[in-house]
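Annotated features, as they stand in TrEMBL:
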- Asp81: active site, proton donor (ACT_SITE)
- His82, His179, His207: Zn(2+) 1 binding site (BINDING)
- Asp103, Glu133: Zn(2+) 2 binding site (BINDING)
- Gly180, Gly208, Gly209, Thr210, Asn229, Val230, Gly231, Thr232: dihydroxyacetone phosphate binding site (BINDING)
Amino acid sequence: MYATLKKVTDKAIRLNFTVGAFNMHNLEMLPAMIRAAKDMGSPIIIQTSAGTAEYIGYGVIANVCKYLAEYESIEVVLHLDHANYFADIRKAIDAGYSSVMYDGSSLHFKENVLRTQEVVEYAHARGVSVEGELGTIGGMEEGAAVQESQKAYTNPEDAKRFVMETGIDALAVAVGTNHGQYKSKTELNIPLLKEIHETVDIPLVIHGGTGVKDEDIQQCTKYGVRKFNVGTELLVGWTREAAKLFSQTKENTSLRKNIVPCNEAVASVIKNKIGIFLNA
């Protein structure tokens, strides 16, 4: 069934697991992503950037997600990732997204609070969940780019105030991860994550999950992470498979013969990650 972020993270808290949040980059990937989660018996959060949503169509993505959620009998959340503008968030909500993230992490604390409050007011009135961010996560992906010198860890006391003043449903924290990191693994600040978890009472979110060591995921779950983002690993896997296959096939070969293996590569990553999230 089509679900909100709050619904699946509440379930994750109750059953002590983490929900995987996976970025889709084209519509071809979507059925394979959802079926991979179904095979693993887990809810799934499908994420898009505003750019991907504009490219495909907010309503197109929402309607396909809703259909597949019902057809496959699986809890599916459709989440707008790293939205910097209220206009994009409004488009997503009005089109049927069940969750949105407002990223005001580059703003001063008070302005981040005020803008996030505006998003929460609009979203909650329409039954949509909201993720906020405090602290800045390094690296680069579509919708988010932060230089190494601009990275800033989440302050636990600020996090407590931010959660109380905004009413968000989940908090993205900066504890050492980087967007777009896939050639190496990061060193998470686990003591900081633990302190944040002990200070706030809502689910925490890890961004830049591709760069996190598998053995650290257990600690993330232990200390309150209920949404774990994975994007780069899917993009790299799909692109590598596509580059290999399209370089070897004739021009008049059915696209399906090349694209299906690309989607299978994505599904394989998702199954592996969900297996870790369920058993952390």
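Glycine residues also receive a Cβ, built from the backbone N, Cα and C atoms like all the rest.
Keep in mind that TrEMBL annotations are predicted by a computer and have not been checked by a curator.
Take the binding-site residues Thr210, Thr232: by the count of other Cβ atoms within 10 Å of each Cβ, the lowest one is Thr232.
Reported as a whole number, the C-alpha separation between Gly209 (dihydroxyacetone phosphate binding site) and the residue listed as 'active site, proton donor' equals 14 Å. In terms of Cα spacing, the binding-site residues His82, Asp103, Glu133 all stay beyond 10 Å of Asn229 (dihydroxyacetone phosphate binding site). DSSP gives Asn229 (dihydroxyacetone phosphate binding site) a strand state. The separation of His82 (Zn(2+) 1 binding site) from Gly231 (dihydroxyacetone phosphate binding site), Cα to Cα, is 12 Å. Nearest by CA distance to Asp103 (Zn(2+) 2 binding site), out of the binding-site residues His82, Gly208, Val230, Thr232, is His82. Listed recorded positions near Glu133 (Zn(2+) 2 binding site): none (candidates Asp81, Gly208, Thr210, Thr232; Cα-Cα distance within 10 Å).
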